[in-house]
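Heads up: the structure comes next, in C-alpha cells.
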Amino acid sequence: MSQPRTHEQTLANEPWYHGLLPREDMKVLLTQRGDFLVRFTDPKVGEPRKFVLSIYVGVADDIRHYVIREYENKFAVDAKWFATIPDLLNYHHRTKEPVAIGCQESVLIRPIGREPWEKQHSDVTLLKKLGEGAFGEVQLGEIRIGNTVKKAAIKLAKLEALTKEQIKEIMHEARLMRKFKHPNVVTFYGVAAGQEPLMVIMELAENGALDSYLKKNVGNLPISKKNDMILQAALGLEYLHYLNIIHRDIASRNCLYGGGQVKISDFGLSREGSSYRLNPHKKVPIRWLAPEVPRTGFYTPKTDVFAYGIMCWEVYHDGTEPYPGMKVAEVLPKVQEGYRMPFEAKGVAAAVVKYVTDRICAGTEQERVIMSEVVRELPNLDGFEQAPMSNSYFELPGGGKMTKVELEGSKNQNQVINILPHMSHPVATPNFGEVPLQQKKSLLNTDEEGIRKTKKPVRARMTSFNRVQNASKSQSNSTCSNISTGGKKKKKHQQTTSSSSVDAPTGFSMLSIFQRKKTATPTEKSEGV
C-alpha cells in the first residue's frame with residue numbers, strides 16, 4: 001500500500017515552490033512589487049513545518065512573510081480558506097485581492113521560479129554511501145543538469161534531526177559555494193531542498209579527502225607532485241581571498257583530490273569579510289590556528305595563510321597530523337612562543353622549508369605574506385620541482401589562450417592578467433599588485449555579490465495561473481503592519497557556526513583562554529584583500 005503524499009511532495013513540481021529556502025535569499029529573488037514564492041520554515045522540535053508565502057510589497061524594499069495556516073485540510077493566510085495552497089495562490093493572483101487584509105500592497109503579480117542551483121529530488125540518483133558527514137550521510141550519485149548527467153558527491157541531511165542553527169549553517173555554506181568557479185575550489189551543483197532529505201550536491205573528486213589520499217600513498221608520491229598539490233591549494237585559497245572570503249578551516253582534511261587537482265572544500269566555517277570575530281564558546285582547529293587569533297579575537301585572511309602553511313607540512317609528511325606527539329592543549333602555547341615544526345620529509349627543498357616556516361607561518365600578521373605573494377613566489381623558489389605540464393594552457397578574460405612560456409613572459413613584465421587553468425595544473429598566477437578592486441572585479445568578470453547580482457530572477461510559468469502581467473510601477477503608501485516583515489539585519493561579526501565540522505582531536509573551546517586574555521580589536525587590516 002502506497003504512503004499518502006506529503007504537502008512537500010505535492011508542491012514539489014510547482015515552479016513557485018522553493019522548499020527550505022532561507023530568508024537571506026529573498027532579497028535576491030524578490031525584487032519587484034508583487035513578486036512572490038512559497039517556501040517552508042525551519043523545523044522546530046515537536047512542531048510541524050509551516051509553509052510561508054513571501055511577497056515583495058514594493059514599499060521601502062519591504063518583503064513580507066505570511067504563514068499559511070492549515071485547518072482541517074484547508075489553507076488560508078487571512079479570512080478566506082481554500083482546499084489547496086495552489087488554489088489559494090491562484091485566487092489571489094487572478095483577482096489581485098490582497099493576501100493580507102492589513103496590507104493593501106500584498107498582491108500576487110509574478111510567481112518567481114526556482115534558480116538553476118535549486119534542484120529537484122527527481123534530478124538526483126543516489127548510488128552508494130561514501131561515508132558520514134557533519135550532518136548525515138555522503139553518497140555517490142548522479143545529477144541531471146540539462147541534457148547531461150554528472151557524477152556527484154551528495155550530502156544528505158534529515159531535517160527533523162537538525163537544529164535551526166545547523167540548517168542555517170548548511171544553507172550558508174551552499175550560498176557561499178554558489179559564487180565559486182575555480183578549478184581548485186570544489187564545484188557546487190546545487191541544493192535539493194523541496195522535501196526530505198535535504199541534499200547538497202557537489203562535484204565528485206574520485207580520490208576523496210586529500211589527507212586520506214596522502215596516507216594511502218605513503219612513499220609513492222614524488223616531491224614534484226606534492227609541490228604541485230600545495231601550489232594548487234594556494235591558487236584556490238588566493239581565489240577565495242579575492243572574493244573576500246575567509247575559509248577559517250584550511251587543512252588537508254578539508255581539501256579534495258581527483259583528476260590530479262586539489263580542490264578546497266568544506267565551507268561550513270567560512271565567512272565573508274576582511275575579518276571575523278572568534279566565538280570563544282566554539283571549538284576551533286587548534287593545530288592549524290594562527291598564534292595571534294587568541295590575542296586579537298579575530299580571523300583574517302592572514303590567519304588562513306598560517307593554516308595553509310600547516311597544510312603544506314601535512315602534504316610533505318603524507319597526511320600526518322600536525323605537531324605529532326603533542327597534546328592539543330600544548331600546541332598553542334608552543335606556537336605563540338615561536339615553535340615551528342621541523343620538516344623531516346625527504347626531498348623538500350631547503351628554500352621551500354624556509355619560505356613556509358619564515359614567511360607563510362610567520363609569527364605576526366605584519367611579517368606574514370598574503371596568498372597572491374605565495375602564488376607568485378612559491379614556484380620560483382630554488383629547488384621547487386614541478387610536475388610535468390603537458391598540453392597546458394590558460395584562458396584569458398578577454399578571450400584567447402596563453403601557453404606556459406607566454407605566461408612566464410607576461411608575468412615578468414608585470415602584466416595584470418586573470419588566468420584560469422583550462423587543463424592540467426597552473427604554474428603561477430601573476431600578482432594583482434596595486435590594481436584597484438573594481439578593475440580586478442572586471443578582470444574576473446564577477447562581483448562581491450556573485451553571479452546572481454547580474455541576473456534577473458526566474459519568472460515561473462504556471463498553467464494554473466493567468467499569464468504574468470507587467471509590474472505596476474506605481475507605489476502606494478504602505479498600510480502594511482510591521483508584523484511578518486523581512487529578516488532583521490545581521491549583526492557585524494555574528495557567529496552562527498557549529499563545532500561539528502571540527503574533529504574532536506584537533507579542536508577545543510577557546511573560552512578558558514579568553515577568560516585570561518582581553519579580546520583586542522585588530523589595529524591593521526589584512527593586506528591585499
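Cβ atoms are placed via backbone N, Cα and C, with glycine included.
A strand conformation is recorded for LYS155 (ATP binding site) in the three-state DSSP classification. The number of other CB atoms found within 10 A of the CB of LYS155 (ATP binding site), across every protein chain shown, is 22. Residues annotated as ATP binding site in TrEMBL: LYS155.
Taken from TrEMBL, the feature compositional bias 'Polar residues' covers 463-483.
Mean model confidence of the domain 'SH2' (16-112) amounts to 90 (pLDDT, 0 to 100 scale). What TrEMBL records for 16-112 is domain 'SH2'.
Under the heading domain 'Protein kinase', TrEMBL lists 124-381.
The annotation region 'Disordered' is assigned in TrEMBL to 443-529.
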